[in-house]
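Worksheet for the structure shown next.
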């Protein structure tokens, strides 16, 4: 296919137009007085949201060069969402600011490679300073504050803090839609491990790409299943019992996989296969954990187990199982509670005896999976539109909370970025264009606070100057229009979110500046209807 080419300034300007279109759409949502964006959907009602990455994912521009710019910044939002789960709007805004400031200098003749070096140095310094002012999360109150700021709702903050308290920091928290009007918390015993389905054809919900099994039987084995004959006697019993099946095995392949998928597609019976979690000895222990939780038996060569001789009473049971591409959650395993308690105590004894940090971490994980359970936040609302919006906000708040527990918290409202400006500004370079890169970051660090003020209808520059001249940690509460100690006021951001947003924005933006040529497909001209095949005018 023929291509169209743009070079130098023209290429960068076209791409910058796309960056600005995406970033200007996203940044209106920043801060306590940020607005929402409404997204048209091909099916169902439009989606109203203030989640940066959700908005960015929907944006495709008609002009190929503008679209390239937009897609690059979309990557900033997506990467930040993957790493920290929140802060996507801030990341997009920072990327736009770095690109804008950088292009001014590149146009004036600065070397983009040297600018990139300066940006990298400044970002490393800024991250180091952000980590210095970070404070660990202490107790339920701090967790509630982080969640409340992320979701812009104190009730949600309290709900998530309750969930974290009930299942512990290692526990699993999921967000589901509720049939009632209110949002509530439900804690269910359960276990999650990071192995997904072996074939996408096994899903029961093609929109969410997940398989949900109600009251399934659970076959647990450390063998590889490739021959369907090994499973046939057991499958016949399961079909007669009218049950669904979850298979946890070393692997499922070949003829066995094909037969299971074909039967699922024909509707004969529903079966989902997942690979066993962990490796080596840890895999054996984790399979035993699952067996204890579900009341099943691990069918293993070590104890002379044979799949052909397996019976229904060797299978575990659970109230429900949810399998996604990456994880499996077993809820309310029907195992003997006494045996589960014994298993938990056994792991606790191992924890006390081990000296290896790695082993401790893995044992702690197993303990959480056996004892912690799964907390389910059920989101309710009057309409589907409101429900989707609330669900996205709660998911963001949950991610922010987990990030805060991992790396601590910093003053919110863009204050952390402004607080580190002085230290970053002290950096110097003998090479002029590297110094330009450092100065770009110094200016860009002001941008989140400026935008929060702008969204509250205020002049950002005045507020930034006042914060710069205040004590460290003092910022601007845009909701109440007051200057205060942000951490004491409960206006906090997770360190991980603040750090990731800056690192990802700088990574993509500095690479963007080094672009000297852009190549895109020439759009195909649409043929008028009825043309072609020499049939015009025929009736």
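Keep in mind that glycine also has a Cβ here, set from the backbone N, Cα and C atoms.
The ATP site recorded in Swiss-Prot comprises 29, 30, 31, 32, 86, 87, 88, 89, 90, 413, 477, 478, 479 together with one of 63, 430, 433, 493, namely 493. Note: residue 86 (ATP binding site) has non-local neighbours 150, 396, 397, 399, 400, 403, 494, 497, i.e. same-chain residues 6+ apart with C-beta under 8 A of its own C-beta. Neighbour counts of Cβ atoms within 10 Å were taken for the binding-site residues 29, 90; the minimum is at 29. For residue 31 (ATP binding site), the same-chain residues that are 6 or more apart in sequence and have a Cβ closer than 8 Å to its Cβ are 413, 451, 452, 453, 455, 456, 478. Note on the binding-site residues 477, 479: the fewest other CB atoms within 10 A surround the CB of 479.
Of all the Cβ atoms in the protein chains shown, 31 others lie within 10 Å of the Cβ of residue 88 (ATP binding site).
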